[in-house]
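These features come from Swiss-Prot:
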- 8-28: transmembrane segment (TRANSMEM)
- 35-55: transmembrane segment (TRANSMEM)
- 71-91: transmembrane segment (TRANSMEM)
- 105-125: transmembrane segment (TRANSMEM)
- 127-147: transmembrane segment (TRANSMEM)
- 203-223: transmembrane segment (TRANSMEM)
- 235-255: transmembrane segment (TRANSMEM)
- 271-291: transmembrane segment (TRANSMEM)
- 297-317: transmembrane segment (TRANSMEM)
- 373-393: transmembrane segment (TRANSMEM)
- 408-430: transmembrane segment (TRANSMEM)
- 455-475: transmembrane segment (TRANSMEM)
Amino acid sequence: MTITPQNLIALLPLLIVGLTVVVVMLSIAWRRNHFLNATLSVIGLNAALVSLWFVGQVGAMDVTPLMRVDGFAMLYTGLVLLASLATCTFAYPWLEGYNDNKDEFYLLVLIAALGGILLANANHLASLFLGIELISLPLFGLVGYAFRQKRSLEASIKYTILSAAASSFLLFGMALVYAQSGDLSFVALGKNLGDGMLNEPLLLAGFGLMIVGLGFKLSLVPFHLWTPDVYQGAPAPVSTFLATASKIVIFGVVMRLFLYAPVGDSEAIRVVLAIIAFASIIFGNLMALSQTNIKRLLGYSSISHLGYLLVALIALQTGEMSMEAVGVYLAGYLFSSLGAFGVVSLMSSPYRGPDADSLFSYRGLFWHRPILAAVMTVMMLSLAGIPMTLGFIGKFYVLAVGVQAHLWWLVGAVVVGSAIGLYYYLRVAVSLYLHAPEQPGRDAPSNWQYSAGGIVVLISALLVLVLGVWPQPLISIVRLAMPLM
């Protein structure tokens, strides 16, 4: 295979992040300097983000049999890079109070971002598996980064063991699919899986095992049990990455698989996915009702959000609007989650033991940090899907595609789930405006809005509001990503 200059340009984000990994690794070996390594990481991620413009000039192409670079890949690469940038930005002040090695944090985030970019470009079950492992392995270390806390170490061990088990299910499922179809390429699967072949027991078993593995990575019921514990035990900046980059890009590659391979044509698979979506929406919202820890609450909330997205995935065969719905919803989910976890990160920085993740820590926040409380309120309203926020646009799209595909009971679940979600999101928002306790707990620095993390949080809030009122620019970007697939 000949590598042309066009191929290299198409792979620029992957190459730049890979080069940044090597540079940061050498920098750590040469001299430990927290500011230097954080700066190198942020510069590398920004350069990769800018390089997407050059990738767009090249056009869609299959760079290798394992990777396809097109508008769809660029959209999800951009979302992963934004989430990685935000994670590094939130981590810097948190690590300032951390007494152990700080620099490896950025190295692990960069490697996870590399896995995310590979997943966004995946066009083959082999690259899908490699990407998932490359994004998962660094997270084992990141989740347990505050290893002197029992909660963080426990979360890391739990996530590592369960993730390894899920990966084995995924790999075994791929082996069964290969045994029946004779190919692992998404396009070849679409050609080889002809009429009636999807009802073959071996193929159904293979896709069933893959659903188990991918369901774990996406925190779908009943593979969700790790989610609240890991979100609570992981440092706040790591929870940011877990909630955004890893979920978004894995869902994106599943969308590509469903688009090329006629997996959704199987009635059995559609029914299983519909049951999982229904259970995720209802269970995720019901479990979030009783939470007093904001990271656990957001963990259960993420289960329900992935359930909403599954509705659009099931409706994929009925029209292109499903692709648009997923893109808009994921963008709204990204900015809302970055803002919410960003506030938790600011409240928890610098590192002083456990994060400020108790709901009690946010009681009366408005009276001494009014702008921060307003940002958190906007994020809660967006996650709840209230009009005038980007979250509402995404949820409206999901309901529209559900109605278009006649998935009435799933549309009902989305409506009921949203109503339940409204209660616990408003409970968080209302607590921000109650009287502050006599003995306040953790607090964000007085100049938080001038820090890099504060700026990211404010920009996220601004985007959620502006795109909630005028979503056309985002919709145009998402539509541009579709014809190139």
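From the backbone N, Cα and C atoms, a Cβ is placed for every residue, glycine too.
Quick caveat, the model's predicted, so the values are computed rather than measured.
Outside the transmembrane segment (105-125), and at least 6 residues removed from its termini, the chain residues within Cβ reach (under 8 Å) are 13-14, 17-18, 20-21, 24-25, 28, 37-38, 40-41, 44-45, 48, 62-63, 65-69, 72-74, 76-77, 80-81, 83-84, 87-88, 91, 95, 131-139, 141-142, 145, 174, 177-178, 184-187, 189, 241, 245-246, 249-250, 252-253, 256, 260. Sequence-distant contacts of the transmembrane segment (455-475) (same chain, at least 6 residues past either end, Cβ-Cβ under 8 Å): 85-86, 89-90, 324, 328, 331-332, 335-336, 338-339, 342-343, 346, 371-372, 374-375, 378-379, 382, 387-393, 449. Sequence-distant residue pairs (6 or more apart) of the transmembrane segment (71-91) and the transmembrane segment (271-291) include fewer than 3 whose Cβ atoms are under 8 Å, leaving the two stretches without contact.
At the 8 Å Cβ threshold, with sequence separation of at least 6, the transmembrane segment (271-291) lacks contact with the transmembrane segment (373-393), having fewer than 3 such pairs. Only pairs six or more apart in sequence are counted, and the transmembrane segment (297-317) with the transmembrane segment (127-147) gives fewer than three Cβ pairs under 8 Å, not enough to call it a contact.
Residues 66-67, 98, 100, 104-105, 108-109, 111-112, 114-116, 118-119, 121, 153, 155-157, 159-160, 163, 167, 170-171, 174, 217, 230, 233-235, 238, 241-242, 245-246, 249-250, 253, 257, 351 of the same chain, all 6+ positions outside the transmembrane segment (127-147), place their C-beta atoms under 8 angstroms from a C-beta of that stretch.
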